[in-house]
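Step one of this worksheet: look at the structure below.
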Amino acid sequence: MPYSPRYRRAFAAAAAATALSLMPPSGIAQAAAPEPGKIHATVLADLAADDRATFWVHLKGAADLSAAATAATKDDKAAAVYRAKTTFAAASQAELRTLLTAAKADFTPYWLVNSIRVTGDSALAESIAKFSQVTRIDPVRTVQLPKPEPAKAKARVNAVEWNLDRVNAPRVWNELRVRGEGVVVANIDTGVQSDHPALAAQYRGTKSDGTVDHNYNWYDPTRVCTAGVPCDNTGHGTHTMGTMVGDDGGANTVGVAPGAKWIAAKGCATSGCGEAALLLAGQWVLAPTDLNGANPRPDLAPDIVNFSVSWWNYYPGYKETVEAWNAAGIFPAVANGNSGWTCQRSDSPGQYALSYSAGAFDANNDIMETSSRGPAQDGEVKPNIAAPGVDVRSSTNNGGYASMSGTSMAAPHVAATVALIWSASPTLRGDIAATRKLLDRTAVDTADRQCGGTKERNNVWGEGRLDAFGAVKAAPAGEPGALRGTVTSGGGPVAGATVKIGDSLGTTVVTGADGTYTVPRLAAGQHRVTAGGFALRDAAETVTVTAGQTATRDFELAASPPGALSGTVTAGGAPVAGATVAAAGTSSSAITDGTGRYRLPLPHGTYQVTATSTSGCAAPLTATATVDGDSTRDLVLPRKSDSFGYECELGTEPYVAGTDRQPITGASASRPITLPFPFPLYEKSHTSGWIHSNGYLSFGPRLSERSSSGLPSAITPNAAVYAFWEILRVDNEAGIYTATLGTAPNRTFVAEWRNVSVYGNPTQRISFSALLGEDGSIGFRYQGLDNDLEYGATATVGLENSTGRDAFEFSSHNPGLRGVQSLTFTPSRHGLVTGLVTDANDGGPLPGATVRIGSEATVVTGADGRFLGQVTGGDHRVEVSKELYGTAARNLTVVPHRRVSADLALTTGHVTGESDELTLVMPAGVTRRGSLKLTNHGRAATVYTVVNDPGQSWLSLTPTGGDLASGASVTLNATASSDGVAAGTVRTGKVRVRSASGRLPELVLTVNVVVPRHQVAVDAGGGGDVTDAAGDRWTPDRAYQAGGHGYMGTGTRAHTANQAILGTGEQELFKTAREGMLEYRFDQVPNGVYTVELGFADTRDTRPGARVFDVYAEGRPAVPMLDLALSVGTRTALTKHYTVRVADGQLNLRFVKRAGDTLVNTIRISERPDKTLP
C-alpha cells in the first residue's frame, strides 16, 4: 500500500502532544526517546495515513510457571499458572496501564501474554515506545482458518464412520468400555451449535434437568452470537467438536470420545480469526469465566483443547499461550496446517515444540496431499502424529452432517483420543509429557522419508498413524502411587538434576532448588529409577511403588572428573568466527574466536553439542561428543538450504552499480522491467517483472506494496528476490538504476538502489544492488552499512518462490547483514535445461509450448520459441507439447551448476486450399456445383471438419470431415443456389475448415454466387443450342449483325474435330471451333466489369508454331502469343479468363494471327458485380 508523507508531520505532532496530554504520572520512569525500530513499519504507516491505529504493545519478561510443575493435581496446576500469570502481568504492566488510564486511552490488558492492545494516535504510540519495559509495538493481525479441502462422504465400516474405525475407537468403547467419561474437551474455533442433536447432551452446560447454563462453558469475545447462546456462523467449529464427542444416540456416532463433555470459545468471529479474540479465548481456556467475562475459575478449565486454527509457517505470537496450557496440564491438540506441497511447511502453532500437531491421511492410508510437512523451524519433527483428515463426516451448524477434509479435521481425533486415555487412566490426567510419549509409542509406524526422518519418525507422518485402542490399552491402569526424594552430592542438594523413571511412559522430572523431586502419579509396581546431573555420575535403583502411597528414594551422586572439549568450527572449508557452541543440559557455552576455535570446560561424560553461526548461510549443527579428559571435537556447519536447494555464500565481491536510471521516486513505488534473458527462479523462469522502491524485484502480477515479513509467506509478493525489503524512499538524493553486463550466455542483469533512505529515518541511507545471472545465480551487494537499521533490523533479505511455500530467508528483522559485503545464492542441486522448440513444418520458433522437465519443472516457451528450466541433477525426460501439435520428447542428463540444451520440433498438420475462394456465376433461381481442393502439407496427419453456418441453407459441402494424411488431398464439392438473388448482385458465404494445423487451425473458404445482369455464351463453330453439364445454355455461333453479337472477318470458317478433345467433359462444345475470324463483337452490353471466358482446343493436327495468335479484349492484351500445339497439344482443352471494363456499351474481342489461322471454341462474357477494375 502507498504510505503518505504525512508520516513525518504526524511524528512532529506526536512529540508536541506527548508533552501536553500524555505526561506520565509522577514516579513513572521513561527513556529520553524511543529506541529505533520499536514501532513496526505497518503501525507507522497506519498512523501516517490518518493518525489512528490499533496495535499491540509487548513488554519485557514472562511469568515464572515453575510452581505448576510440582502441583499435585491438574486443577492445582491450572491455579498455579493463573496466579503466576495474572500477578506478573499486573506488576509488569502497572506503570503503562497507569499512563494509558490517565490519557483516557482505549486499551485492553492481557495476562496470558505480557501485552496490551491499544487504540490511539501517533503521540500515544511515541509515548508508549519510550518505556524501557516496552520491547516492540506490532500491528494487529487476522489469521484465516485453514480452508477445508473439498470432500465427499465415504462408506462406513460395519456401520461405523471410516475415520473412527481407522483409529480403532469402537474397540475402545466395546472392549475397554471407555468412551471419555469424566473428561472435558474444548475447542477454540468458529463456535459450536450447542443444541445440535449430536452435541447437546455432551455440552457441560446442559444440566441433568435439561436446562442450560452457559456460564463457564461458553465464551464469545467478539459478541457475534446473540443473548450469550453458543452459535457457529461458519460450521467449522461444530464439525471439529463433533469429531471429538458427537453422538446423537442413534445412527450418528461421529465422535471419537462420545462420553466426554465439551465447552467452547469462539476465537473466530468468521473464517477470519483476530489475534485479540484468539488470545482472549486462550486465557478463557486456562481460567473460564461467567458470561460477563468475570470471576475466572481455573478449576473449571478443560482437560484438552483442540486448536484447528493456524498461522502460515512460523508465527511466535501464540507460543506463550501454548506453553501456559502445557504448564496447566491442558493438552493442546493442534492442526499442523494444509500447506504440505513441500517440506518445512508446518504452520503455527502446530510447529511449536509444545504443541502436539496432527497431519491428515485418507481412507486408503495415504497422506493428504496438502497435509503440512516438517521439520519445524527449530528442526523439531512435525507433525507429531497423523490422523484421519480426508472426507471426515461430522456435525454441521445446520443440525445436520457433512464431510470435510483438512488437518483441522485430523486434530480433533487426537484431542478425543487423549480424552479416552485420561478417562481410562486418571494417573495420566494432566501429565502431558507422559501422554505424548504414550501416543508416540503406540502410533502405527508409517515410512515416508521425503522430508527427512525414519520409518518410525518422519516429517510427513510424525510418529505414525494414530491408534486410540493401542494408546488406551497401554495406559497405566488402577490407582496410582507416588514417588519423592532428594538428590544430593557431597552432602548438599543438587538443583536441576534429572530423575528418570523406567516405566512404560519414560517419565522424567527435575529436582528443585532444594534437590527434592516429586512424581505425583506413578503406576503401582517396581520401577528402575535413575538420577543424574551436570558434572555428576548417574545413580540407579529399583523402587517399589504401592497404590495410594508415596514411596521415597534419595540419591547421593558422585562428582565427575573435570575435563574440556575444544575444536574448530568451520563452514565451507573456512573457519567460522563468532559462532556459539553449547553443550545441552549444561550452562557451558563459548563463542568461537577469529580462527573458529572454541573451548568448553566440561566434566567427563557424553554431550549433545550444538554450534550455531550468526551467518544466515550456515545451518546449526548438533553432534555427540564424549569428554574423557582434554577432548577434541571439530564441528563442520552444513550449508543452510531451502526445500528447493538454494544455498548462499558470503564474500567480498566488489560492489556492482547500475547505469540506467529508472523513473521511480517516492516510497512504495514500482515499475515494470523486461529482462534481457530468461531468468530461472525456483521452478519457473521469467522474462519480465517489477522493480520496487522497497528493495526487491518481483516476477508476478503487480500488487499493492506492504511492509516486510518473514519468509516464506502466502501473502504477496511472491516469486521475488529481496535484496533489502523495507519501506524505502527514493528522493532527489537517491535513484534506482539498472544495467546488463556481459555477453550471452553469461549475462548479468543489475538492479541498484542507490543512496535510498529508510522510510521515517531520512538520515539512514543505504546503497545495495541485486544481480540476476543468466546461469540462475543471484547476488546481492552492499555498500556503506554501519548500524543495525542498515544491517537489516527491520528488513527482510532472501528469495521466495511463486506460491509462497518455499523460500530462503537469510535474515528477517534482525541485523543479519553486519559485516556483509556480498551475498551469492545458487541452487546447489540444480542445473539448467534450455532449448528451442520449433514447428517441424516450417522450422520457425514455436511460442507458448509447454515444456515438462521430469516431474520438477514446467515452463512455457517465449516468443522466440526458447525455454529455460531449473531442475535437480540426474536423468530427466523433457517432454514438449502444444495444442494442435504432436508431442516430442528427449532424455538428457542434468549436471548441477551446468547448462544442457534440448532442441525439439513438434509436428502438426498444415491444411490449405488450392484456392480459398469458389465463385459460381449463374442465372437467378438455379443451382450450380463447384469444388475446392484441400491438401495437408504438414508432417502430421490430421482430422479436418467442415463447418457451414446453419444460416447458409443455400450452400452445402461434402464431405463434411475426415482424415488427411501427410501430403494427402481431398476435394470438397459445393452446391449453391441463387434463389432470391437479384440480377447484378452477389451472395457470399463463408465456410470454415478446422484441423490440427498449428499455424492455421482454421481455414476460411469463401463461396460466391454471382447473378450477372448480362451474360452471353457462344458455342463458336456450333450450329445449335448446347446445354453444358452445369446446366448453362450456349447459343449457336453466328456472324455479327449490328445490335447483336457474333464473329467478324472474311474467309472465316467452322471446323469440327473428328476425335475426342482431351482435358474436358464438354465434348460438344470443344469439338467445334471457329477459325480465321478477326473479331467477336457484342453490342448492347451494359457498361460495367465483365469476365471473358475463352475456351480453346485445336481441332486439327497442327504442329507447334503453325498456329500462333494473340487475343485482345477491349483493346488490351488478354492472351498473348497463344500456340495451342506447343502449350497443351492438339485436341486438348484450354480455358482462359480475363476481366475487362466496358464503358461504351460494346465488348470487343480481337484475334490477331501471327502464324496460321486464329481459333476459338467457346466464348462467354458475364457481367461481374463482384469484381472491380480501376
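Placed from the backbone N, Cα and C atoms, the Cβ positions cover glycine too.
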Between 372-393, 592-613, 658-679, 1032-1053, which stretch does TrEMBL give the note region 'Disordered'? 372-393
Please report the Cα separation of S408 (active site, charge relay system) and H236 (active site, charge relay system) in Å, rounded to an integer. 9
Please report the distance from the Cα of H236 (active site, charge relay system) to the Cα of D189 (active site, charge relay system), rounded to the nearest angstrom. 7
Including all protein chains displayed, how many Cβ atoms other than that of D189 (active site, charge relay system) lie within 10 Å of its Cβ? 29
Number of helical, extended and coil residues in the domain 'BACON' (929-982), per DSSP: 0 helix, 32 strand, 22 coil
